[in-house]
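Engineer: Below you will find the structure I want to go over with you.
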């Protein structure tokens with residue numbers, strides 16, 4: 001890159017370097033670099049050196065770990081303040097709640113609505129990490145990310161049945177995006193940094209670096225890319241180490257009492273458990289969408305929905321506070337005390353209902369952490385029912401709880417290797433990890449075939465997006481007919497004669513000519529060869545020679561939609577027409593497919609880090 005620019009870049013990451021004079025263009029070389037030149041060299045170093053890029057990912061991971069610890073502390077602090085909890089107790093471990101404590105639920109909805117109104121977040125769509133990497137090349141707004149994190153902390157802190165993972169991943173991925181944008185990172189590198197930040201956040205929350213890394217690959221990047229392995233793993237390790245160094249308590253998966261005894265015949269039963277978890281998860285995700293649609297259908301204002309949802313949570317929480325927050329504390333408590341199967345079944349239904357109400361009525365948060373609790377309950381319940389049917393204990397309850405936890409989470413977020421690594425890092429058991437993989441793959445397959453979305457992409461689908469993963473399809477949206485069309489349009493009125501056409505366009509001068517009607521609007525396309533064909537008299541009106549006008553392209557049509565139209569109409573060239581009917585340009589099938597092939601090749605090179 002050229003070093004001739006002398007302006008200072010605001011907020012530069014290399015602003016610590018001193019400014020210096022630049023020698024005249026024809027004089028001797030400058031001894032020192034200007035600040036702008038140092039910025040450029042620094043950016044180039046991070047873009048061209050894998051070692052520097054890994055170091056950058058480590059910095060992003062460390063920052064994400066700090067953000068995760070801070071957000072978790074804030075949410076727990078709110079809970080301890082509002083509900084008067086002892087230092088080591090979590091909200092879902094409380095035996096009962098007073099009416100004043102239950103009133104915190106609708107109050108939290110009101111606070112959330114007030115905050116959202118203050119920042120006007122309801123008037124625009126806030127982009128999360130999955131959408132940013134899939135559609136925007138990793139570009140995220142730090143302001144919007146802070147809004148999401150605060151909304152998540154309010155929702156979780158006031159007791160709504162939502163997890164903090166949305167806030168964790170949002171802050172981590174936003175940190176990666178901010179650093180990458182500050183250094184002018186390429187699109188592929190920016191997506192990796194976003195994944196490194198999100199993965200580090202999950203690693204910090206669970207104390208499991210490998211699970212965090214696979215979360216980045218499966219959820220945020222959408223592919224296992226060789227170029228991303230080292231920076232993603234390094235960032236996740238950094239996030240986990242920072243959280244551990246700060247004394248942050250990880251999500252206690254090891255609280256589940258596992259015997260680690262897995263026999264060959266257990267795999268069949270665990271596969272059945274995976275199928276059951278998939279059915280529950282699909283019902284749960286559809287229920288959230290149905291409640292959200294219903295609240296809008298009846299005309300509830302957006303500012304009132306969280307408070308109403310909080311009020312609806314009161315009778316559920318009054319029966320059992322275990323439904324509140326993400327359920328971290330309740331998970332270990334239920335299994336440790338050996339709760340009855342009837343009680344576990346009721347808690348499973350109540351927690352599901354609480355999550356549906358919380359998310360459907362507008363509380364901000366995720367379903368991932370809640371799905372871990374639900375899956376644990378489902379697994380424990382399944383083991384108990386199998387024992388009742390067989391007359392003796394076949395599946396260890398602790399093992400079944402871990403398998404159910406993983407299968408339910410996979411059904412909700414769509415990340416089988418993430419959950420396999422989470423269980424492996426918690427138990428160090430290859431045998432149990434194999435059972436988890438079997439159940440998780442069954443659950444993932446059923447959800448894909450019957451539902452087609454994870455929870456995050458399902459909500460994007462409800463907003464009108466077509467993405468089903470974080471795989472980079474943003475370039476598809478960027479390659480529109482308006483961007484690719486040829487603006488020089490050869491056109492002629494449809495009522496012109498063949499003689500006039502021949503005078504304007506000699507044979508061989510152009511390949512296609514656009515016809516327009518009396519108002520100047522699109523009326524079709526005609527090849528000159530038809531006008532010059534034998535038997536066409538000079539007085540023939542050329543509009544009568546053209547076949548039925550081919551459907552035009554819209555300037556907003558993306559390249560996939562364009563290729564689909566070419567396949568349908570079997571034409572070599574189509575016109576691009578604006579909303580007012582005026583022809584803006586033309587686009588050939590040959591050029592479109594060439595551009596598509598170029599972008600696919602570019603994406604493949606980025607996949608392998610070339």
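A Cβ is built for glycine as well, from the same backbone N, Cα and C atoms used for every other residue.
Feature list, courtesy of TrEMBL:
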type	residues	note
TRANSMEM	51-78	transmembrane segment
TRANSMEM	98-119	transmembrane segment
TRANSMEM	192-217	transmembrane segment
TRANSMEM	223-246	transmembrane segment
TRANSMEM	267-291	transmembrane segment
TRANSMEM	303-324	transmembrane segment
TRANSMEM	336-361	transmembrane segment
TRANSMEM	367-390	transmembrane segment
TRANSMEM	402-424	transmembrane segment
TRANSMEM	430-447	transmembrane segment
Engineer: Do any residues of this chain, six or more beyond the ends of the transmembrane segment (402-424), have a C-beta under 8 angstroms from a C-beta of it, and if so which?
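Structural biologist: Same-chain contacts beyond the ends: 202, 206, 208, 210-211, 213-215, 217-219, 253, 256, 258, 270, 273-274, 277-278, 280-282, 284-285, 367-368, 371-380, 382, 430, 432-433, 435-437, 439-444, 446-448, 454-457, 469.
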Engineer: If contact means at least 3 Cβ pairs within less than 8 Å, sequence distance 6 or more, would you call the transmembrane segment (367-390) and the transmembrane segment (267-291) in contact?
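Structural biologist: Contact between the transmembrane segment (267-291) and the transmembrane segment (367-390): present, because at least 3 Cβ pairs are under 8 Å.
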Engineer: Do the transmembrane segment (267-291) and the transmembrane segment (336-361) share at least 3 Cβ pairs under 8 Å, sequence separation 6 or more?
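Structural biologist: Result for the transmembrane segment (267-291) with the transmembrane segment (336-361) is yes.
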Engineer: So which of 51-78, 98-119, 192-217, 223-246, 430-447 has the most C-beta pairs under 8 Å when paired with the transmembrane segment (303-324)?
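Structural biologist: If we count Cβ pairs closer than 8 Å to the transmembrane segment (303-324), 98-119 scores highest.
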Engineer: Could you give the residue numbers and ranges of same-chain residues that sit at least 6 residues beyond the transmembrane segment (223-246) on either side and whose C-beta is under 8 angstroms from one of its C-beta atoms?
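Structural biologist: Non-local partners: 50, 53-54, 56-62, 64-66, 68-69, 172, 176, 188, 192-193, 195-197, 199-205, 207-210, 212-213, 216-217, 471, 606-609.
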